[in-house]
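So the structure is just underneath, and the comments pick up after that.
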Amino acid sequence: MKRCCEGVGLPCLFKGVGMASPRPPKYLLIFDFDETIINENSDDSIVRAAPGQALPEHIRQTFREGFYNEYMQRVLAYMGDQGVKMGDFKTVYENIPLSPGMPDLFQFLSKNHELFEIILISDANMFGIECNLRAAGFYSLFRKIFSNPSGFDKRGYFTLGPYHSHKCLDCPANMCKRKILTEYLAERAQEEVEFERVFYVGDGANDFCPSVTLTSADVAFPRKGYPMHRMTQEMEKKQPGAFQATVVPWESATEVARYLQEVLKKKC
């Protein structure tokens, strides 16, 4: 992965005041959403808006591994049938708590926004992500959000679609985050924006897939004890050195903020 700025010795860009032409960001920072930015799985959270805050057994029995998006389409259709409206979903999404330390990390990124290009890649849905981030006050941090399309139809039913199709055998049928990240980096390179380092903050198995493409200059931040963390450990045992990125597990996102702070100190 080609990166700009290597060995150029750019000056510290903390303030960026009075610069005639702002420099492109040096770092790309990628976030997952469920159980990374927020401390819950938002698909599970919205069941709180269902009658009795539970799903009937006949709906839950339809779940198939690798086809969660299709399952959620059935869940949402059921909730629509039960009279659950947009405002009910919005209230749930707005009240899902952020993960420990995440507000601190976002405040740090807000203060150093000119150094980081921040994107979000999530197998949740656009409506829920936007509701939560706007309520938390951090929506504007993100240059782009990649997630499953969602909205409300003429009946007022919450609808959900797949993000794309792909050929990756390791990811859910509706989304491969590696494909999204690879295409994004290629698109930015065409726009003459290439990054010195890439940082990836996630928790799930579908975050492990894109993190395998990271280089030795990059950093993967898996949430400690979650599937992404376990999978990086398993790969290191089976194929030492195959996972190239530095691995920095976290319990609180303040640990991610501290690591990034040290990166900036070393550059200045």
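Glycine residues also receive a Cβ, built from the backbone N, Cα and C atoms like all the rest.
In TrEMBL, annotation is done automatically, which means it is predicted and not curated.
Taking Cβ-Cβ distances under 8 Å and a sequence separation of 6 or more, the neighbours of Asp32 (active site, nucleophile) in its chain are Leu120, Ile121, Ser122, Val201, Gly202, Asp203, Gly204, Asp207. Here TrEMBL flags Asp32 as active site, nucleophile.
Annotation comment: TrEMBL describes Asp34 as active site, proton donor. Counting every protein chain shown, the Cβ of Asp34 (active site, proton donor) has 23 other Cβ atoms within 10 Å.
Annotated Mg(2+) binding site per TrEMBL: Asp32, Asp34, Asp203, in sequence order.
Neighbour list (Asp43 (substrate binding site), Cβ cut-off 8 Å, at least 6 residues apart, same chain): Asp34, Tyr68, Met72, Val75, Ala124. Under the heading substrate binding site, TrEMBL lists Asp43, Asp123.
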